[in-house]
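What Swiss-Prot says about this one:
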- 6-46: disulfide bond (DISULFID)
- 9-20: disulfide bond (DISULFID)
- 14-36: disulfide bond (DISULFID)
- 21-26: disulfide bond (DISULFID)
- 53-71: disulfide bond (DISULFID)
- 65-83: disulfide bond (DISULFID)
- 72-77: disulfide bond (DISULFID)
């Protein structure tokens with residue numbers, strides 16, 4: 001399946017419909033982060049940059065390291081030692 005990079009947001013990349021992450025951390029639910037929901041209108045799935053990490057999240061455990069010490073899936077983020 002073809003993929004493309006996820007949209008950019010003010011200080012990094014869109015990680016989910018309401019999450020924007022960059023080197024300094026993540027914003028969730030802000031006006032800037034909510035712009036990431038535009039990604040849902042594109043039928044081609046996007047690929048988040050960052051090494052793989054696992055979240056203890058029942059619906060989606062396959063996350064990406066999107067900032068120092070932060071692992072995200074499309075709807076939540078958590079601190080993660082594997083991302084340091």
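Note that Cβ sites are derived from N, Cα and C of the backbone, with glycine treated the same way.
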Residue from 20, 21, 53, 65, 71 whose C-alpha is spatially nearest that of residue 36 (disulfide bond), among the disulfide-bonded residues: 20
Distance from residue 20 (disulfide bond) back to residue 6 (disulfide bond), taken between C-alpha atoms, in Å: 10
Of the disulfide-bonded residues listed as 26, 46, 77, the one whose CA lies nearest the CA of residue 9 (disulfide bond): 26
Residue 20 (disulfide bond) as reference: those disulfide-bonded residues from 14, 26, 46, 65, 71, 83 with C-alpha within 10 Å of it: 14, 26
Around the Cβ of residue 77 (disulfide bond), the count of other Cβ atoms that are within 10 Å: 20
Around the Cβ of residue 72 (disulfide bond), the count of other Cβ atoms that are within 10 Å: 25
When distances run from the Cα of residue 46 (disulfide bond) to each of the disulfide-bonded residues 14, 21, 26, 53, 71, the nearest one: 14
Among 20, 26, 46, 65, the most crowded of the disulfide-bonded residues [Cβ within 10 Å]: 20
